[in-house]
Amino acid sequence: MSVRVIAYSTSANLGSGFDILSLAHTAFKDEIIIEENKEKNKIEIESNDRIPLQIEKNSAGLAAKMLLQDKGIDRGIKIKIKKGIPFGLGLGSSGASAAASVLGINELFDLKLSKNDLVKYAMLGEQASSGSPHPDNVAASIFGGIVSVSSVSPVRVVEIPVNLDFNILLIVPEGQKEGKTKKAREMLPNQISLSKYVNNSRYLSSFLLGIIKGDKELVRMGLNDDIVEVAREPLFPYYKKIKEIALKNDAVGSCVSGAGPSILILYDNDTNLDKIKKEAYDVCSSYDVKCNFIEAKLAEGAKHERLN
Ligand SMILES: Nc1ncnc2c1ncn2[C@@H]1O[C@H](COP(=O)(O)OP(=O)(O)OP(=O)(O)O)[C@@H](O)[C@H]1O
Ligand SMILES: N[C@@H](CCO)C(=O)O
């Protein structure tokens, strides 16, 4: 028996929601096939992309290992990963593979795990890619839409009711970097001032209330971050200018996608999208970066189908 799983790309953080907020989009998707391996206790990984195939270095492999170990399952599996989400660009690539892997195993062995449990194991897979088990990307990949990770021990993910009409534009620079999220996390401060904490809390509450109440102004005010985006600025030097362009052209708002270097723009019918693309392209070029523009919508959570 084998199971095919599709999991979508995600943009984590959404301004000040570092390791808390994330949204799933239709921009890219990974497809994973999980099948039983004849050899007991053996996890094998295949992929069409140049990602590590060792279990502990692959987010899908490590998540699978942790889940099988924890459930005392000694049967072996093969994980075939067809990457559609480019990695190292802040698009939740490693998270989507980990999410798909645990969902596939859940179906293959009929484990009846809740979505929160799937997140619990999938986030452990992120240790392989970024050195830390951050939950936001995997939570959005599993649940879909916009999510908030309210607790990690135990895992509790809340789906945010979305009452605002918007579409998604991703500005994705060419050139993938190995271990980017790991490095980006090492750039973060250990301590922050009280005033930054207060400002960031204001952003976070504004974003959530804006999405739930359908208030564009609140979402725009909320899509900001005085701590993490600021500390990582060297990774995306074009961001400030692109954000200015987006807001000037009536976008709902803009922030860094995950750990960057991709930029997320939310837009609606009032937004001059063509102008944003043209001016943002020029900004990227002025930094010698070729940027691609991907339009997307909110995506649903990871889906599976049994193949035989
Ligand atoms: N299944 C996987 N899919 C993608 N990348 C993987 C996978 N397993 C291991 N990796 C490694 O993890 C790293 C992924 O990079 P990174 O965490 O920077 O990207 P990302 O997951 O797309 O970004 P972000 O977490 O910021 O959204 C790369 O070095 C890649 O080789
Ligand atoms: N919250 C994580 C997301 C990585 O995509 C970070 O910013 O490091």
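Backbone N, Cα and C define each Cβ position, glycine as well.
What TrEMBL annotates here:
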BINDING   Pro86, Phe87, Gly88, Leu89, Gly90, Leu91, Gly92, Ser93, Ser94, Gly95, Ala96  ATP binding site
DOMAIN    63-145  domain 'GHMP kinase N-terminal'
DOMAIN    213-280  domain 'GHMP kinase C-terminal'
**Entries of Pro86, Gly92, Ala96 (binding-site residues) sitting next to ligand 1, with Cβ under 6 Å as the cut-off** = Gly92
**Prompt:** Which value does the mean pLDDT take for the domain 'GHMP kinase C-terminal' (213-280) in this predicted structure?
**Reply:** 97
**Message:** For the binding-site residues listed here (Pro86, Gly88, Gly90, Gly92), tell me which residue's CB has the most neighbouring CB atoms inside 10 Å.
**Reply:** Gly92
**Item:** Distant-in-sequence Cβ neighbours of Ser94 (ATP binding site), under 8 Å, six or more positions away
**Value:** Ser59, Phe87, Gly125, Glu126, Ala128, Ser129, Ser130, Asn137, Thr181
**Message:** Within its own chain, what residues at least 6 apart in sequence put their Cβ under 8 Å from the Cβ of Ala96 (ATP binding site), listed in sequence order?
**Reply:** Ala7, Tyr8, Ser9, Thr10, Lys29, Asp30, Ile85, Asn137, Val138, Ser141, Ala302
**Shell of the ATP site beyond Pro86, Phe87, Gly88, Leu89, Gly90, Leu91, Gly92, Ser93, Ser94, Gly95, Ala96, same chain only (C-beta within 8 angstroms of their C-beta centre)** = Ser9, Ile85, Asn137, Gly258
**Asked** Three states by DSSP: which one describes Ala96 (ATP binding site)?
**Response** helix
